[in-house]
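A.B. asks: I have a structure I would like to understand better, so I am pasting it below and will then ask my questions one at a time.
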Amino acid sequence: MALIFRTAMQSVGLLLSLLGWILSIITTYLPHWKNLNLDLNEMENWTMGLWQTCVIQEEVGMQCKDFDSFLALPAELRVSRILMFLSNGLGFLGLLVSGFGLDCLRIGESQRDLKRRLLILGGILSWASGITALVPVSWVAHKTVQEFWDENVPDFVPRWEFGEALFLGWFAGLSLLLGGCLLNCAACSSHAPLALGHYAVAQMQTQCPYLEDGTADPQV
């Protein structure tokens, strides 16, 4: 029963990490980190991502333009690019390492401790990937709120608001964190049954000489 529960925990943790990694990649390239709705022209909406700005018009559709210079971007967008790339890389490494630590993958009975360490390392990498995804998303959201409520900006000036990519990034980061927690919990729970099994084998070995001689065990 414990083995089935541990295997299920490993599978769910790996799937959550995979889901968070995929959503993190989508968040990185989705041009909807910020949305701007013009009151004067409701048929035209602006969106901004880490790589480009887009205008959506009912007659023309979506037209996007890449940013000309990386150094000309605001600080939060420059750092967000780096952190999102780092999150994607850490997430991929976490999935790769965790996959080799699963119980369903047989790499030898003598390497149980190695698999446990791989599972723990994969969980830590998923944690790091989730944190590095949450930081840029939360930073951009914080700057958006600050600019929205800035009293120095006149009321008639349009304000940027939260885009869909921010919510997707939050969900991706939480999925990676939860997946890493499950992987580490599964790795920690896999150590106790193993030690208990070694104790049972050792106890049987101490009783075997008495059974072969036909004498009673003095511990009974």
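Heads up, the Cβ atoms here are built off N, Cα and C, so glycines get one too.
These numbers come from a predicted model, not from an experiment.
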A.B. asks: Are ARG6 and ARG116 on matching sides of the membrane - judged by whether Swiss-Prot gives them the same topological domain name?
C.D. replies: yes
A.B. asks: Same chain only, please: residues at least 6 beyond the ends of the transmembrane segment (82-102) with a C-beta under 8 Å from a C-beta of the stretch. Say none if there are none.
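C.D. replies: The answer is 7, 10-11, 13-14, 17-18, 20-21, 24-25, 27-28, 50, 115-126, 128-130, 132-133, 135-136, 173, 176, 180, 183, 187.
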A.B. asks: Which residues, given as numbers and ranges, are at least 6 beyond the ends of the topological domain 'Extracellular' (139-161) yet have a Cβ under 8 Å from it?
C.D. replies: 33-39, 48, 74, 76-77, 79-80
A.B. asks: Pop the mean pLDDT for the topological domain 'Cytoplasmic' (103-117) in here, whole number is fine.
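C.D. replies: That region's mean pLDDT is 75.
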